[in-house]
Amino acid sequence: MVDSQYYLPNDIGISALDCREAFRLLSPQEKMYAHYLSRASWYGGLVVLLQTSPESANIFVLLQRIFRKETPEELEKVAATVGLSSEEYKAFLVYAAGLYANMGNYKSFGDTKFVPNLPKDKLEALVRASQAFQEKPVEMEALWNNSSTLIFSLEDRQKQLGLGDKGITTYFSGNCTLEDAELAQRFLDSKKLSAYNTRLFKRSDGGKVCYEVRLASAVQKVLPLFFFVFFSDSLQAYAANENQQKMLEQYRHSFNFGSVESHKEGSRFWIKDKGPIVESYIGFIESYRDPFGSRGEFEGFVAVVNKAMSERFTKLVSSAEVLLSELPWPQEFEKDTFLKPDFTSLDVLTFAGSGIPAGINIPNYDDIRQSEGFKNVSLGNVLAVAYATQKEKLTFLKEEDKDLFIKWKGPSFEVQVGLHELLGHGSGKLFVQDHKGKLNFNKDKVINPETGELVSSWYQGSETWDSKFSTIASSYEECRAECVGLYLCLNKEVLRIFGLEGQDAEDVVYINWLSMVRAGLLGLEFYTPESKNWRQAHMQARFVILRVLLEAGEGLVGLKEVVGHDGKPDAQITLDRTKIHTVGKHAIQRFLCKLQVFKSTADVEGGRALYDGYSSVGDSGANNFLRLRETVLLRKEARKMFVQANTKVNGDHVELVEYESSAAGLIRSFTERFQEDADQLEADLLELSKKDTPCWC
């Protein structure tokens with residue numbers, strides 16, 4: 001029997017992202033712009049297969065070839081003839097849908113591998129009986145042979161993503177270690193080069209160790225990447241303004257020549273494009289899945305502004321400068337000027353990549369964020385379906401909390417996302433000395449509040465937050481942003497902006513804090529005891545916050561192990577709502593100040609000691625977290641998958657093509673997404689994957 005954490009259950013939630021009305025309201029020009037940006041995003045998103053695991057591209061092509069010849073309904077009849085039960089066939093469809101939704105065979109949220117929940121011989125029988133195999137047996141045999149072992153393998157190292165002996169990664173060759181990653185980062189910093197769009201490969205040349213830094217660029221001697229054709233004059237012709245045109249031109253140059261500087265320049269034009277009806281961003285963006293924390297995974301999104309929902313966020317932006325002054329660090333540790341960003345609620349049309357977040361604060365380039373600005377988005381149609389919960393599946397809460405939790409989870413999360421993105425990721429100053437020796441702070445006057453002495457460390461030259469804090473950077477920053485959300489949601493003016501007053505406001509505060517401590521417990525699913533490694537940045541952050549609030553004492557948070565109604569181990573978490581504004585606020589205030597000070601001053605040693613300390617998972621002390629982890633795994637609920645629409649040009653207008661909320665619907669959306677040039681596309685993917693194969697040994 002396969003451990004349940006390594007397969008997707010047949011009853012996994014699958015929801016369609018509804019954007020029909022938002023798309024209908026677009027003008028013909030806006031629809032064309034959204035269509036071509038979506039195509040660029042989907043084609044670019046295929047790169048994620050190559051960024052995830054050595055086998056992901058092969059599995060993707062195998063599935064595409066099977067389902068391009070037979071629909072899931074047609075294939076079901078074939079499955080019955082070769083002996084698959086209905087549950088086994090459904091397990092295959094769920095696996096295929098999961099591969100598409102995660103753009104690889106590792107979960108985008110948690111980085112654990114998932115395998116088909118049916119015997120290997122039965123899946124092989126189905127593959128061999130498929131029409132695709134019957135028509136091209138030699139090609140399909142090769143595909144199956146190249147991927148079948150790794151589809152099912154759960155050797156220790158292959159169970160999760162990681163560097164060296166801790167897991168699988170394609171950001172580094174298989175012989176790279178943490179020391180290699182650190183050495184390469186120092187080299188890149190010394191040459192003022194960004195690692196965002198790179199991978200690192202180590203090889204021996206005449207007995208010498210050589211490092212090869214590969215840039216993602218279309219212009220190369222071997223093979224082009226896939227999507228740059230869509231960054232053509234036709235796309236620019238549908239741009240709404242000059243900023244969008246210049247943005248696209250810079251993106252095209254960046255993707256053609258691997259230039260991060262061009263992508264940064266495009267991001268500057270993107271920031272200047274205030275209040276567009278069709279919003280988008282594309283490139284190598286988030287570094288969560290790089291084990292070293294410096295390299296970005298590709299993503300591209302296209303979304304339509306929800307004007308009614310955006311009004312609340314606009315009001316929050318207007319209050320931002322006042323709210324920033326309430327954060328618990330000295331004024332010198334805050335940005336010199338708050339550059340008011342766009343903050344909009346969007347209905348997602350397209351989100352290509354390994355997963356879909358609830359909110360985003362971008363760009364991630366520190367120098368732009370600190371001095372030129374950023375944008376925030378809340379993804380409204382994602383929020384609408386992602387966190388809906390059935391009462392019977394709501395774990396680890398008291399019965400009297402469950403109805404309140406279900407009622408206010410959505411509104412409380414909207415508040416938390418708004419504060420997290422705008423005033424969490426959007427706050428705080430980095431002390432920097434540039435290449436010319438100029439400091440952006442007065443080192444003879446600024447006092448470190450944690451030591452009472454003058455600030456003695458800062459970022460130098462090309463050092464960035466990601467390059468300096470590397471492996472903990474993503475989770476540490478998510479923790480800081482989550483703490484800002486908890487801290488500022490206690491402000492009544494913030495709650496009024498979201499239409500919450502009186503008892504409703506107090507209930508939202510209670511559920512927001514309760515959600516956070518419950519999420520901290522749920523986070524244990526994403527901890528690997530064998531390697532003592534966290535696999536998901538946000539969930540590690542929430543566990544850290546749970547530890548901080550438990551440490552605060554005075555009965556603020558309770559966590560106890562109990563026996564469930566089914567006789568199996570269970571747990572119960574409680575929060576004293578009368579102590580949130582006192583004990584809770586003080587605990588978050590102190591912790592948040594420390595997080596910011598270490599970040600501002602580039603104090604990696606202090607920051608890592610603090611964060612690693614709270615991240616530790618042991619079996620001693622007041623709570624046996626290792627045993628609680630087993631309980632969490634026993635009662636976990638699989639994360640939902642999303643079905644996204646396609647667009648297609650019909651004459652001089654664009655049509656929206658929607659699909660049902662099921663594994664079959666998700667599969668159909670992908671097989672129809674790449675119809676025009678499927679054969680060439682799949683051949684390119686296989687060639688790129690094959691070229692790298694020797695590097696993983």
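The backbone N, Cα and C atoms fix where each Cβ goes, and this holds for glycine too.
Automatic, uncurated: that is what TrEMBL annotation is.
Copied from TrEMBL, the annotated features are:
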type     : residues               : note
ACT_SITE : GLU421                 : active site
BINDING  : HIS420, HIS425, GLU478 : Zn(2+) binding site
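TrEMBL feature annotations superimposed on the structure.
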residue	record	Cβ contacts under 8 Å, 6 or more apart
HIS420	Zn(2+) binding site	GLY359, ALA481, GLU482, VAL484, GLY485
GLU421	active site	PHE343, GLY359, ILE360, ASN361, ASN376, VAL377, SER378, ALA481
HIS425	Zn(2+) binding site	ASN361, PHE374, ASN376, GLU477, ALA481
GLU478	Zn(2+) binding site	ALA537, HIS538, GLN540, ALA541
Listed in sequence order, residues not in HIS420, HIS425, GLU478 with Cβ within 8 Å of the centre of the Zn(2+) site Cβ atoms: ASN361, GLU421, GLY424, GLU477, ARG480, ALA481, GLU482, VAL484, GLY485
